[in-house]
Amino acid sequence: MNLVLMGLPGAGKGTQAQLIVKDFDIPHISTGDIFRAAIKNQTPMGVEAKKFIDKGELVPDEVTNGIVQERLAQDDTKDGFMLDGFPRNLAQADALNAMLVDSDRQLDAVINIHVRPEVLVERLSGRFICRNCGTTYHRLYNPTKVEGTCDVCGGHDFYQRDDDKPETVKNRLDVNIKLNTPLIDFYKKQGVLYTIDGEQDIDKVYQAVKEVLTNL
């Protein structure tokens with residue numbers, strides 16, 4: 001079973017990935033992890049990628065594609081894999097199709113965990129931190145027991161990281177939506193896209209994912 005897992009930041013993709021790996025026993029291939037491994041192991045593509053990263057430049061598609069291809073050539077992917085964070089654009093999607101054709105494989109499903117942007121902004125911008133002891137809270141999921149007072153140290157001074165501020169979160173989501181929309185259309189046309197409602201409880205989301213994968 002060969003999968004691609006898609007979802008905007010905050011959609012709960014990481015949690016679903018762990019559950020899929022546990023039940024279906026396929027490797028979770030996250031681009032961040034394979035980049036680090038390729039650079040550490042000094043693979044040909046890892047060496048190329050490091051040149052760009054060291055200069056603070058974006059790694060070109062052909063190098064990213066090469067790193068994914070190196071990983072998909074490893075033995076543990078022969079019975080299936082789950083890609084997470086790749087492809088990020090249509091050029092990478094075409095490259096993935098070519099890789100799979102070359103190795104006599106095909107993509108079985110693209111699972112898209114869908115959560116409305118306004119819900120994601122709420123999820124991602126709800127985090128706040130006690131300035132005194134550093135304990136992290138969330139306005140919706142993990143608030144302080146007494147409003148305005150830290151459970152751990154009793155402090156009253158909280159702050160929000162710049163990354164977690166609603167405007168920053170919204171901008172980050174906008175960038176991701178622009179990247180994801182053409183990919184969603186691409187995979188819809190190929191007939192392999194399955195969109196899952198990510199606004200349900202984690203268990204219900206996974207139930208829907210599992211149903212799709214079991215019936216492939």
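Just so you know, glycine gets a Cβ as well, placed from its N, Cα and C.
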Q. Looking at the ranges 30-59, 180-209, which is given as region 'NMP' in Swiss-Prot?
A. 30-59
Q. CB neighbours of R127 (ATP binding site) within 10 A?
A. 19
Q) What is the nearest of the binding-site residues G14, T31, V59 to C130 (Zn(2+) binding site), using the Cα of each? A) G14
Q: Please compare the binding-site residues F86, Y137 by how many other CB atoms fall within 10 Å of each one's CB, and tell me which has the fewest.
A: Y137
